[in-house]
Amino acid sequence: MSSPSRAGSSPDRVALLREEKAEKAARTAYLDRMNQITQGLSIATNLASQWPWHSQKMALPVQSNSSAGSEEAASPRSASLRERRNRVLRFRIILGALAVAALVAAPWLFQGRFNAMLGSRIKMGGDRLPRDDQTSTFNSIVDASLESDLNRVEEIPTRVIWQNGPLSDSTGDLRFTGQEANSNPNENGPPVRTDEIGQGRPIPSQERAPDAKEMNRILEDEDSHKFSANTKKQASPKASRDDEMLDFVRDMIRHAWRGYHTYASAHDDLAPIAHTGRNWYPAGSLYNTPVDSLDTLWIAGLEKEYEEARVLVKKANWDVDASVSFFETTIRQLGGLLSAHSLTQDPLYLNLSHSLGLRLLKAVDPSSGLAGGAINLHTGAHVAHDWLQGMVGTAETGTYALEFAYLGKWTEDERFTGAVKDLSRTMEKLRGTTPVPGVWSDRIDPRGLNVVHTGRYGVGGGIDSFYEYLLKIWVWAGGPGGEADVNTDTAWAQVWRDMYEESVDAMLSHNGVNHTRPNGESVAFLTSWHHPSGGHDSTMEHLACFIPGMFVLGIMTAPEKLKDTHREAKILSWAKGVAESCVRMYSEGPLGLASDLVEMTGETLRPAGWGTSYHTRYILRPETLESLFLLWRHTHDPIYRQWARGILLSIERECRIETGGYAGIANVGVGNRGERHGREWNDMQESFLIAETLKYGYLIFEEDDVVRLDEWVFNTEAHPLRIPKWT
């Protein structure tokens, strides 16, 4: 049984009413401006017509030094001269009055055009990017003026549903208890968020939800949480941008960057509470945050902040005598530089990435293409991770091919392309050593070239980005339409797509759990599978919340030979269900934020374990927003924007540090929303906040042709790389 259709529901009526009222408001504003100009001109004309031009006081004086002069003054010729001078004076006064009227009216007349110019933006195809617009949008003003009209629509209650409760009350406090939201105490503008410091910050005005009866059908229908091929929701007919939310997220990006630039400039990351910077390695900074932020600042149109980041990145020196993580340096520094080059074509970024890439290349085994561990950027010495006991991490070795392939193409340095092809051949051999087809462990034996059988096979940390790159390498290098000709230079990429499809089927068969909770609700999640016992963990990692988005990207890019309507519907159904569970990780928590590891089988989703631990923290992770972004792009179901909005407001309310930046929280399983007293913080603004969390949070409210998914592919750090036009 499918979910109720949303066609013709109250959100559509609201949208229509909003458009009509916005058009009416715009016309009224324009007419008001024109009336002001007309009134100004009328006043100027009346002043000119009523001025005492011919009075004795206004008559131009004539010099009279002799009787001859007096006679000349009385002559018709002198009278004509005076009249001409008076006409010139009248003309000048009229011109002056008109100029004053124009100056008074110009700001009102051209205000809309100036706002449109400030909001002009690039569509990733070569136009101009948006400039930094710090003013309120016209839409938010219209929304405020329509508040009373919208509330008169009977079918629309004064609350917003996020999963099973109102999205936000008037202070921006996310609540999921099913209670009604309070009315807005600020009748003259948007609601204001307050915190312990007392500084208010406007939050986006509320959308309106379907009527309660319809929403109950959507939420309580027993089939709405199951994973049948018929589970669908009516898509929105138009994927328009949400200017209000774009402004809101842009301000979050600006606030995060401002904190870093003020207190941690030239360091890797910001400690926002301590007002200082921190580096990953004692030998010096690798400029994590500025490199990771370049593309986000560019896409969001924050030109001032982008230039600040570019100045810092220009100072980067990769000759650091430190053993750095091959994996992290590849996805953050190398990926960030390549993305900045892909967006801007600035040769600075390609030169820096080539220099860094040559140092990272020394961590790659020249015979197998396997890589990982740590690499000393100064000496080139490779160091294996102790905890892997001589093995190679699957995610580490499987998550460099996209960056190296891009670098090899643009620099025409075959060493990078050759490493990727070597890795492809090795992966094809390893494919036959997995315990079950499509099921990979988190480590590989580089000597015996086989997948290590660990007995526990997950989809989160240690393996997550490997599965992601099985798809994305093929998307980038698979050729036009995703089907590489066997005779082309990209034929090597086909094995990655084949392994991806095999792994998707394995995940749904072995890692997917559809659990019925004590309250009767069904919750879907992906967890570790035990082989050969066949058991499952009862927890899910937040890191695995990217998988619904990966499933969707696989559907969107599938070549014709892989089209299978029934299988595609099954995959999409799982994607939607797991994404909903990831959102519940936020909505059912006391702070509206999700922990790193969540217990999925209780009455509510809660952090795994007891007390404060690694599992209970929230460190500004992006994976859920990533999946919501891809689901939105594929379905245009407004629920995904609504959920994303709720997560962003939770981050804003709970993690924002007013002096600049955002901090993590050590335990999101305790406390009350908005109450910060006594809270244990994780005093670190991870660079992926700007690189991933806020980039996906921004793009979900943008138009589809901003970073089009058929022209760009994101690396695992959310750095978009342009897909080449293969010939």
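Placed from the backbone N, Cα and C atoms, the Cβ positions cover glycine too.
Check TrEMBL against the ranges 60-81, 258-279, 522-543, 588-609 and you find region 'Disordered' recorded for 60-81. Distance from the CA of Cys545 (disulfide bond) to the CA of Thr716 (Ca(2+) binding site) is 13 Å. Neighbour list (Cys582 (disulfide bond), Cβ cut-off 8 Å, at least 6 residues apart, same chain): His542, Cys545, Pro548, Ala594, Glu623, Thr624, Ser627. Neighbour density for Thr716 (Ca(2+) binding site): within 10 A of its CB lie 24 other CB atoms from the protein chains shown.
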